[in-house]
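**Student:** Here it is: the structure, laid out below.
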């Protein structure tokens, strides 16, 4: 039966389904003395239903809602006696009138809220009737049935807070005490009849919870309900015995600790020495919701009687859990060195061997090392070994990879502790195939061939004679000579065994070849000897006599070789397509280790069918490939039609250039998406050339966009010279056009008047543009806020790259694209750039580099870091606020330029740059990389400048006359070289 007040509560019940419409209190809660014809009709209907054998509750309906203070009567009618179950006492009066039972309360309160069941115990058919009563009290929206709930971990936990008003259900929530939210992983549901159910409660969800509801715009919480989630006690107590092994010298102190813990306090723990149970005082504690019992044996002066087996046992209702250890008592310190390998090792040259020593010592080793003892004094390499310690045992392994002859010899492991020093020595002998050398000598006036064979193991020697001069005697045609004499000349440990074999042949005959063959278990070798004339006692000639034909052939071959080397040099000098972006793997100071992009994974989710691409015009072309506008059908969504840009290589691309494009694809997929990066949309890597599908940027690159705007605002005579073909495409080529300029940016015919700037209205701009809006947006005059937005967006994109440990290495306006809404996106468009004819890329060594955008450490030391990208970003800022001028105007890239950069020269403030923006440029150009700001700091500075810009009128530059000059809304300062 349901309790009538706070108390202990158990696990949850099933929550009911959707409730039917509520029974109005006015029609169901009439006092018994006021029953009229309508009430009698209800009784007749109940009697008809009662005839079917199921108890009936009046009023009918699953729920009843009443106001506080109302008189409520609940009648249950059955075939025989019936019983009520629910929160009855002491809030109800019970009136038994078989076959019915009546519950009445004359002053309903929120305590009457609950579910009432009526059953008929004597009815064999069983059955019951249920009604849920709400007494809606705005001051008490919750009725808590229990203030403590205990469940086992993994069970559902019901927190029994009943809602007194069903109209409040939409605004209920579960919180922890003092309004703290529940844990993110807590999974719970709510039933107004039963309360909140936490599903599969976890041990970490032990908390005091409150039920919360919104009542008249304020939050009202219930009293706290303490949820206790207990670990399931499914076995014996956990047990530890420390140490697992113990060694002591006689007279030293020792300690053995036996510890057991469990959720339930009802368990025992004991410690035994052999069969003897030790009497030790027990320490108890409660930690991390577990009871812990500890037995500690302290021995101040150990003796041999204390040695032996110790066992710790924990016992509870689930059984026993035991652990044991061995305690050894020794007379003095010791160290024992052993090896499971033979101390005499033979290994073939070029192979690897591991020498391993096992040490058991007490006290622990003070020092240990491997030493090479010779005999080859020239072998002084540092030995590479690993030593693993386990209590009183050590395992030391010496690794010798790719053995050379000079590495044979004695290797000794030396270990020292308080007991003294011990050593274990291996003798390593290397096997290698024989080497043969044949010479001619005279012995007792007779021609004799001497064959010297050296190797290990000892080589065997045989002689073979064959007709004619040949490099090797055929086995079938040769004659094996048996009349040879062999003897061991030298046999020293760790050195080769040298064998001499003499072949007495009398007088040498012309047109004969003699071959000495030597072999052992590792391999074989041979050398031939033939005379060039009768009686000539010379060894085999090194080469044949030169002839004019041979000299001619060798001259031609040498000439061809030189030509081949020249072509190879020219090929190496030719620039190749490379990915400028680098991803840092690790760094130490200015020493960076970069990830090999070829080793990055490629996710097949980026794969896109190539027949779903419809190509359009070429956006940009270069020495290595091109970027083409295309329409992608089904990219992202099945029915989507999207304009994209597709990168591809030329058909003549080399394998390394194809690999570079694939690396670029992998880097883009590795970096992920960002609003200010030209994002990867897909790729085609199968069934044809590699295609990289990226976002299409309708305004092309930022450099040409700025130059178009400058010409529109200032006129051709005042603006930057520009490629006449430059439109809204990816025009990253032919940027070497000459244009009239000064240090400040733009030059006219020497007139000193300025173009007046006037405020323009500010209106909200839509971020999405249709095709017909692009021309109108492109024609909108530039404002200061546009330049600030470009700067901020590029900085945000670079901050994103820096957060991904990515270095761009070519930050410039030509590598920034503009899309709808004038959003700037960073990319790398070296594929579609002819760097051979691009004056921005200067030959330095065997590479072409954008030196005017490069930091000093990149120019002089080839060091590329995030800080060097910050320097390049400062140059890009100068490009933006000069409306597309080339950096360092009027300065050629030569030794003078390099000296200026090294000495800290800084360009003057560009014409359209506020003082704060120029200060950012100067900070980016600090000679010391660590003094340059980070991209996050640059973003903050630009946002602050943008906020200041919103507080002053915006200006647009307008040409007033052909004799006008530029005017800015901030103070003009003369160029300063720093």
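For all residues, glycine too, the Cβ spot is worked out from N, Cα and C.
A quick note: this is a predicted structure, and the numbers were derived from the prediction, not measured.
Look at Swiss-Prot and you will find 619, 620, 621, 622, 623, 624, 625, 626, 627, 647 tagged as ATP binding site. Per Swiss-Prot, domain 'Ig-like C2-type 1' is recorded for 55-134. Feature annotation from Swiss-Prot assigns domain 'Protein kinase' to 613-942; the stated evidence is sequence analysis. Positions annotated as topological domain 'Extracellular' by Swiss-Prot, on the basis of sequence analysis: 1-543.
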**Student:** Just give the helix, strand and coil counts over the domain 'Ig-like C2-type 1' (55-134), going by DSSP.
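**Tutor:** Across the domain 'Ig-like C2-type 1' (55-134), the residues distribute as 3 helix, 40 strand, 37 coil.
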**Student:** Looking only at the domain 'Ig-like C2-type 1' (55-134), report the model's average pLDDT.
**Tutor:** 87
**Student:** Reduced to three states, what secondary structure does DSSP give residue 625 (ATP binding site)?
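**Tutor:** DSSP assigns residue 625 (ATP binding site) to strand.
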**Student:** For residue 619 (ATP binding site), which DSSP three-state class applies?
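**Tutor:** Residue 619 (ATP binding site) sits in a strand per DSSP.
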**Student:** Which residue, of the binding-site residues 619, 621, 627, has its CB surrounded by the fewest other CB atoms within 10 A?
**Tutor:** 621
**Student:** What is the Cβ neighbour count of residue 625 (ATP binding site) at a 10 Å cut-off, with all protein chains included?
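**Tutor:** That number is 24.
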